[in-house]
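Everything on this sheet refers to the single structure shown next.
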């Protein structure tokens, strides 16, 4: 009906090429490719040819994307495992120092405070000296880069080294900081460096569009190898870094993230940290009856409260940074003493978490990993608020205090960790905020779960069956809800499932995360968008709730109409009036006041500098000397000077090679009468030549005033 092709296009192309070869009289014969000729000379020629052929075979058979993604996943898994090993060693060293000085509380305090202060100070100093771009999370910068903006020095080897070493020291100090955001940046830098390295073997690695696709896959790898959560990592990277996601990158992200997470967990088994490949924070909630439908309102309350808490965390973090920047005295002092602020913040936080001191009310001696393991515990810690009814074993002993119950400990932990995390994430070191917020949410969920267990000590009765409430499930819901509220993502629910290894609470987790996002998005931007606004990165965030009417706003509604401009016919007096009457940094150049055709713009400072140069005392002396030497001695009147654009240089101006401008504008004076015109062959001099004002390199084209 619609017609059809009689021959496949590829077959037709081959037949046509063979026909053309026969017409030219060329007999097809096997010959060595021209690319191999340079490898056929020298003693190692066979090895070079063999290596090149093997490389071509791998790229043609396996595919360059597969090779790249396997290398990326392998490298990131090794980096993640090595960093986790170094961080665990640093935290163990702090515990060893603290435990070895148990005979003297003062020495214990000095060791507890000095150790993290030294590590944080070293991290801040090392990062500031080597690569200041490594400071912070890195996700806001990656959002900007994936939008097509080029940020200088953000994806270099120097920044990679500073980010890895600085993040290791920062997390090894035990401060409430995270590694998820920095790992997205690290994976992106690793992808960029791999592209540069592999570009030595093939030119397709130099394609800019392809590099953007690989950066999108690298963001998923960063989350996947950090939490061993490939599915959640891909979804989280799409939600956080991409406004428009190309579906063709979907398989790249899944493949690289899965391979990276697999190698990361295999390394843990090889190091005998785990017996087999399991979830990082494996839970053992009952599967036959994980929760009752009557508990759903409690899960919804967790989601709504987490939404308000996430918005408050973003607001508090932004206000701390703005306060430090607006206080000129403090800002000036901290700019001179760059290491004082991180050292002071570390000193305050480590003092408050000192276990024999105030830290005994907030489980101060537990690391972030131990804290999360205890919060996800499926046993009930207290009944009716009496902590003695539960036997605390192992690291659970940190939550027990003889003069208070578990509810007081959890409330103090949540309140203290909340402002500590908001303050700690402002330190100029490589750090993220996902893990501290995740732990705070888990503690809040645990508090609600323990409260429900105290209100219903025998569980909720359903058809003569009694099922006790599991507070650990509430902790999982709270962790996903608060982290989703801060980052404005729903994929934290999937990350929680992969972290715990169970999806028994999939319904309450999804309800809480959606409600938390709804509340948080209506109040504050996400943490990453807030950092983008603080850093003033070239990025347009999405409009929040209540701002949809701004979609109808046009450029003409917000543009400034009353602006001063420079015309081609303006004189020195007009330029002076424009400079004195406006504070604009750039002045537009139009053809005339009637047509208002925009020809270009020039910076205000450049106009002032060129005017000063044209009217300097040296130029005036030169003009007087030339007047004395001139034979005609005619004078120019101010009223006869006007300017026009010409595409040819004046005869008296020395020629300059135009490398980038095929049509170089030159602005010259046009005499008002034939009597005023200079004789043929003489130099065409101008009063204040606009050519000098609007050329990029006016110093190389001197104009003389006559």
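All residue numbers here begin at 1 and follow the chain in the order shown.
Keep in mind that glycine also has a Cβ here, set from the backbone N, Cα and C atoms.
All TrEMBL annotations are machine predictions without curation.
Small disclaimer: the values here were computed from a predicted structure and weren't measured.
Taken verbatim from TrEMBL:
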TRANSMEM  66-88  transmembrane segment
TRANSMEM  109-131  transmembrane segment
TRANSMEM  183-202  transmembrane segment
TRANSMEM  214-238  transmembrane segment
TRANSMEM  250-270  transmembrane segment
TRANSMEM  296-318  transmembrane segment
TRANSMEM  339-358  transmembrane segment
TRANSMEM  434-456  transmembrane segment
TRANSMEM  476-499  transmembrane segment
TRANSMEM  506-523  transmembrane segment
REGION    645-684  region 'Disordered'
COMPBIAS  658-667  compositional bias 'Basic residues'
COMPBIAS  671-684  compositional bias 'Low complexity'
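Residues 223, 227-233, 235-236, 238-240, 279-281, 283, 299, 302-303, 306-307, 309-311, 313-314, 372, 375-376, 433-434, 437-446, 448, 505-506, 508-510, 512-517, 519-521, 525-529 of the same chain lie 6+ residues outside the transmembrane segment (476-499) yet bring a C-beta within less than 8 angstroms of a C-beta in it. A Cβ distance under 8 Å defines the sequence-distant neighbours of the transmembrane segment (339-358), meaning residues of its chain 6+ beyond its ends; these are 98, 105, 108-109, 112-113, 116-117, 120-121, 123-125, 173-176, 324, 333, 364-365, 416, 420, 423-424, 426-429.
Only pairs six or more apart in sequence are counted, and the transmembrane segment (250-270) with the transmembrane segment (214-238) gives three or more Cβ pairs under 8 Å, enough to call it a contact. For the transmembrane segment (506-523), the neighbouring stretch richest in Cβ pairs under 8 Å, chosen from 66-88, 214-238, 296-318, is 296-318. The transmembrane segment (183-202) shares the most Cβ pairs under 8 Å with 214-238, out of the stretches 66-88, 214-238, 296-318.
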